[in-house]
Amino acid sequence: MEDLDALLSDLETTTSHMSRLGAPKERPPETLTPPPPYGHQPQTGSGESSGASGDKDHLYSTVCKPRSPKSVAPVAPPFSSSSGVLGNGLCELDRLLQELNATQFNITDEIMSQFPSSKMAEGEGKEDQSEDKSITTVPSSTFPAPSKPSATSATQELDRLMASLSDFRVQNHLPASGPPQPPAVSPTREGCPSPPGQTNKGSLDTMLGLLQSDLSRRGVPTQAKGLCGSCNKPIAGQVVTALGRAWHPEHFLCRGCSTTLGGSSFFEKDGAPFCPECYFERFSPRCGFCNQPIRHKMVTALGTHWHPEHFCCVSCGEPFGEEGFHEREGRPYCRRDFLQLFAPRCQGCQGPILDNYISALSALWHPDCFVCRECLAPFSGGSFFEHEGRPLCENHFHAQRGSLCATCGLPVTGRCVSALGRRFHPDHFTCTFCLRPLTKGSFQERASKPYCQPCFLKLFG
């Protein structure tokens with residue numbers, strides 16, 4: 001830094017002389033001897049001994065330009081005239097430009113040797129190797145002699161030099177997260193570089209180590225939590241633990257539809273995870289009514305499975321109560337509908353017979369329905385008369401057949417007298433006027449009424 005300050009002050013002095021004196025006359029540039037080579041002076045510093053100024057010393061410790069002895073560059077005697085001062089200023093400016101060029105290339109080489117693009121272990125090894133040997137100087141013959149550099153070109157050279165120094169300062173400050181550590185000495189000898197494969201492998205290992213340490217400082221765990229049950233690779237970061245194994249969250253998938261199951265419920269079948277949809281669709285029993293998978297409660301009846309809301313009467317759709325259900329051809333019915341549809345019918349009321357019944361006339365009857373079909377009177381003594389398939393009492397039976405006595409209205413079961421299209425008991429076939437029996441079989445008829453001969457003549461003469 002002291003040399004750079006000296007260069008800047010000399011340049012300012014030369015510029016001020018040129019501005020005061022005007023345009024000088026042209027003169028051939030003086031042949032100058034090249035500046036002495038720069039030597040590399042390694043500096044071993046310790047974090048404990050370096051204080052607040054240790055960082056600045058460490059920044060610029062690698063480039064040290066020795067001051068040239070006074071005998072090599074003698075001081076020119078002062079000129080009395082303005083042309084002499086101007087010529088001396090141009091010579092001094094040429095010398096400064098040559099020194100700037102040599103310094104720029106040497107500083108650039110030094111920076112690139114210490115901070116390569118990889119910024120990893122390879123760069124550190126090269127820096128350690130550079131401590132054991134001096135930097136190769138660039139001969140002055142390789143650089144063409146500058147032809148009349150102006151103040152503007154010198155300023156541009158200084159700008160490029162300052163930019164290089166700024167990059168050097170930024171790169172040197174980036175990895176400094178703690179106290180400066182002494183550089184590790186590389187065991188490789190000069191002239192025997194390591195193979196590229198080993199260098200790349202070491203750089204990759206160093207990069208992974210730095211990445212893991214950085215994640216650890218940020219609170220992110222980097223230790224492997226086991227092998228993934230799907231890809232069989234180590235797990236670092238988030239992990240899903242299920243089925244006795246660890247999984248990457250993106251690898252814990254449904255075996256059926258391949259959707260991610262992390263953070264959601266799942267079912268296990270034969271050691272494989274399934275989402276609820278795939279599990280119920282593949283392995284749940286089917287409802288006997290809607291043929292859909294049963295997910296929750298289930299009713300088992302008639303050799304199949306049912307949703308509770310679907311196990312109901314197939315006729316009325318009502319759920320079964322405490323009275324249970326009846327089965328017909330594999331289908332459940334409530335008691336009312338089953339009896340209504342399939343119970344035997346009463347011949348009298350055509351209703352289903354639920355309890356006691358009477359079997360008569362090749363049919364079934366409710367006890368209350370087995371009565372005379374004319375007067376609806378129950379049969380006394382359990383006896384009845386049948387006419388045209390209908391149960392009748394005795395009176396209505398004879399009435400239907402015409403075997404009732406026309407006088408008393410009672411059935412004629414024994415001897416009878418048939419006259420006037422009717423039947424009579426023998427004792428009840430009498431004259432309508434005198435009421436004497438007409439036993440002789442001779443009588444007269446008037447208005448469908450029988451009369452004896454004397455009464456008929458007396459009345460109707």
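Every residue, even glycine, has its Cβ placed from backbone N, Cα and C.
Note that this is a predicted model, so its numbers are computed, not measured.
Feature motif 'LD motif 2', per Swiss-Prot, maps to range 92-104 of the set 92-104, 105-117, 248-260, 391-403. DSSP assigns Ser403 (phosphoserine) to coil, not to a helix or a strand. Over all protein chains present, the Cβ of Ser403 (phosphoserine) has 15 other Cβ atoms lying within 10 Å.
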